[in-house]
Structures are given as C-alpha cells and as structure tokens.
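Okay, so here's the structure we're looking at.
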Amino acid sequence: MLKYLCTTILCIFHVLPVINHAKGEEGTDQEMAQYRERIKSMFYHAYNSYLDNAFPYDELRPLTCDGQDTWGSFSLTLIDALDTLLILGNHTEFQRVASLLQDTVDFDIDVNASVFETNIRVVGGLLSAHLLSKRAGMELEVGWPCSGPLLRMAEEAARKLLPAFQTPTGMPYGTVNLLMGVNPTETPVTCTAGVGTFILEFATLSRLTGDPVFEDVARKALRSLWKTRSDIGLVGNHIDVISSKWVAQDAGIGAGVDSYFEYLVKGAIMLQDEELLSMFSEYDKSIKNYTKFDDWYLWVQMHKGTVSMPVFQSLEAFWPGLQSLLGDLENAMRTFHNYYTVWRQFGGLPEFYSIPQGYTVDKREGYPLRPELIESAMYLYRATGDPTVLQLGRDAVESIEKITRVHCGFASVKDMRDHKLDNRMESFFLAETVKYLYLLFDPDNFLHNSGSQFHTGNGPQGDCVLGAGGYIFNTEAHPLDPAALHCCSRAQGERWELQDILLSFSEPVGPSAAQTGEEGDPADVSSESIALKPGARRKSRALSCPMQPFSSRLAVLGQIFTDST
C-alpha cells in the first residue's frame, strides 16, 4: 500500500546529488539572491498597496486603488499573506499583523461564506500562522502549540463551517451563513473539491485542540464521496450532497476537482494514513487509463470514459508537483513541459487552453495570477535540479512584472491574447504565487529543512520536536507542521487517560436509584465528577494504543516518514 512513498524515498536519495550540482551550476548563489530580492519587491508592492488602499476589505482592486469584500469580509488578503511575511523573513510585520487580526477579525457576522474558501484561506492561514508563531518571535502562551490565540481563531472559524456538514451524506453544502448556519434555500449542489478539501485543516485542528469533531466530519465527507465513484473509478465535477447524485459528470483533474486529489495525497503523508493513499492510488489508475493522452489530461464522461472536453485548465498545473510527491518524476516532468509550452506561448496560463487547436478557449482567456505551475516548478526543482524548471521561475517573474504590475499592486489578466487587465488581485497572489516563486529561488529557506534544525515545544509534551521540516502545504500554500499534530494528540491522549482514571474513582461501582431515570436508563451524573467541569458531559475516547513520538527521519519535499514506513 505504501509503495508510492517507498518509491519517493528511493527517488530522493538518487536526486539529492543532482540538486546540489544544479544549485551551483544552473542557479548561481548571486543570481538566486537577485531573484529573491525582485520577488520580495513584488510582494511588498502588492502588500503595501493592499494596506494603503484596501484594508480591511478582503481584496485589493488594483486598477481603481480601492478594496472589495469577496469571500466573507475577513480582511482575507491579510490572513492569506501572514505566513508569507515570515517566509520572506519579516518577523516584525508578522507579529504586528497577527496581533491586528486578533483585534479586528470577527466571525459572528451575517455573511454567506464559501465553506471551501473559508477553510483553505482563513482556517488554513490561521493554523499555519499559529504553528509558525515561535519562529516569528511571538510571545507564546503556556501550552503552545496545543493552545494559542491564533489557534482559537482558526477553531472559531471552523466551527462556523460545521453546520454545512449536517447533511444525510455528510458531504457539505457549498456556502454557510456565519451567523445563522445553512440557509433553507441553499442549493445542495457543490463541486467535488468543495467536498474533499478539508482533511488537512480539520485533522490539524482536531489534533491540536483534542476535539475530534473536525477530523470526523472531514473523513465522513471523504468516505461518502469515495462511495460515489463510477464503475470505471472516476468522479464527476458537481454532486448533490443530499442525494449523492452527480449533477455534472465531467471527470478530470482540474477546476472543481483538483484539490480533492491533492488532499488525499497530502493527507496520507501528513497523517501517515494508508486509507487516503489507497483511495488516491485507485483514482490514479483510472485517471491514467481514461484521461491521459500524450502527457496531457483531458476531461471525460465519468461513466463511459469518452472525451467531453479536450482542454487544459490552468488549475491542472498543480498535478506535476503532486506527482513529484509520489516519486513519479518522469511523468511529472513530461507533463510539466507541456504546460510550460503554454506559458511561453502567452506569458502566462489562460484559464482554458484547447489542446487540439493550440489556443485559448472563448471566454476563458484570462490569467488571474494563479500559482499552480510555479508550485509544480518549486517541487520539481527541489526533486530534480532541472534547469528548465528554474527557467520557468525566471519567466514567471518577468511576465508578472511586465504584464500585470500597475501603480496599486498587480492586476489579473482579463485576456492573455492582448494582455488587457482586470480590476482584481486575489489574495492567493500573496499567499501562493509569490510564496512559491520565492521558495523556488531560496533553497536554504527554513521550509526546506531536511531535519538538521528544529526546536522543541513548550506545551504538554516539552520534548516535542517541531520545525524540523516535512511541512505540508495546504491548497492555499499555508504550511502545516505535522510534528505538532503528534505532539498535541499524544498529550491529549494522556489527558483522556487521566480523565478516565479520575472518573473511575468518582463513579459508584454499581447503578442505584439515584443514578437511573424512570425508565431505568443511567442518568447523567458527570456534572458531579471531580474530573469534569460542572455541566460537562463525559466524551467517548478513542481507542488507546501506543503512539510513536514524531521524529524527523526523512523530511524532504514537504514529506515526513516515520520508522514504520
């Protein structure tokens, strides 16, 4: 079952010498430093433009130098950019913004918010910032990383999303009102990615806080979605979360589906979970059998496998990076080169590209500063040292600067044919595009740590190893440290065991009249227990079993492997 991870281990040992060679020959230290400075300049031009013209709105409108709310009125760009500040080395601004967000962001608002976007951008961004707080020099409260103000904010935001999962299938609605829950008229139709893109953030929350509800609902949604796959092993694009019926039956790896597959792989790595990896492995076989043609991935009818859309979508460009995590470098590089030819043709990736015609698709000619091809370049350059991959990074810097830079930030491209601009700069430009560009040219960044450096947590388990590498990026490029999950879940397990012991001392040996209701059912006596707070109910505990403490045996390419792998 773990053959892909084993393949990756072998692959990494073979390519590490190549990486070191490529660093010296193809990207000199001086050139890499120059590009890092250019990318920093890009970031601060966009970031300062947002602060000066758009804060506290969600996004900057760069052509009119003002702001707009888009995904829920969270000051979204500020949340999305927070961990990028630290990655660029700006500890002072990270500290200032982290404190500012605690004082200004309110989730008790009458706003309909996207469940998917709120999770990956807000919950993911706050979790990442929380786990990076020590590195940023923040004052930590007792119990960190298992407690802290940013963690509590992430938990509050995630709880606002939980009503969306209250469906017969466990698959969530697409939007939820943050104050009142799911609107009675809410459509039950949502995209596949909107169902299957929660396990990273929600499992992290559960294991940091000790509340299993988040991971439970994410897993239930994944398992329900898994049951809906077609006889040939494919899933469609949009599904009815009440009836489990497929509404849009186009199967592919792009828009509406992409991050579902991404989270199966990254969830398997972060949680060391064979079930998730097995799901992806089965999907991967069907994807290769029915959608892959000459190292392109087309859209097909999910039940028949017949081609429905012979197009490449820019969101599919994450796929080579995902393949590299599994050690499938040969296929990854071939597909990456296909996508790179499209970039070179237009100076960016149009949203849709007709493969037979070799040109853009009508009404899908834009480029909203997406990061996916740059993301794949970062992973592949780490894995191979191939100079072509680094060249994409150079091209991206030149294209974005030349085509999209305006007085107030960077503007999305409305049409890649004539490079007309649109009045929007999405928050993922600072969260993902700039971040992946910078990491591509910064081989010594702490996120690339191979396990040689680390620090310890000062939470319940003071000997926890943290920050030793193996970070997992969520689909909004917010890095999560798997070590913290092991640290806090182990401590939480010990607290559960202690609670059980105290409960056993405080509970009578046998039932009595005072402990049973009129029908003979046990009454709730938990409020009188010395182990629980007044009014609290005893929670069922997960099965106890020995857990190996996390240690960084191998941490490369955003992966971790324990001794048992």
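Just so it is clear, glycine is given a Cβ too, placed from its N, Cα and C backbone atoms.
The active site, proton donor annotation in TrEMBL covers GLU117 (among others). Spatially close to GLU117 (active site, proton donor) yet at least six residues away along the chain are TRP71, GLY72, judged by Cβ distances under 8 angstroms.
Residues or ranges marked as active site by TrEMBL: ASP258 (among others). Long-range Cβ neighbours of ASP258 (active site) (same chain, at least 6 residues apart, Cβ-Cβ under 8 Å): ALA193, LEU315, GLU316, PHE318, THR475.
All chains included, 22 other C-beta atoms sit within 10 angstroms of the C-beta of GLU351 (active site, proton donor). What TrEMBL lists as active site, proton donor is GLU351 (among others).
Within the same chain, residues at least six positions away from GLU372 (active site) with a Cβ under 8 Å of its Cβ are SER314, LEU315, GLU316, ALA317, PHE318, GLY321, LEU349. Feature annotation from TrEMBL assigns active site to GLU372 (among others).
The Ca(2+) binding site annotation in TrEMBL covers THR475.
Under the heading region 'Disordered', TrEMBL lists 509-531.
According to TrEMBL, the feature signal peptide maps to 1-24.
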Including all protein chains displayed, how many Cβ atoms other than that of THR475 (Ca(2+) binding site) lie within 10 Å of its Cβ?
25
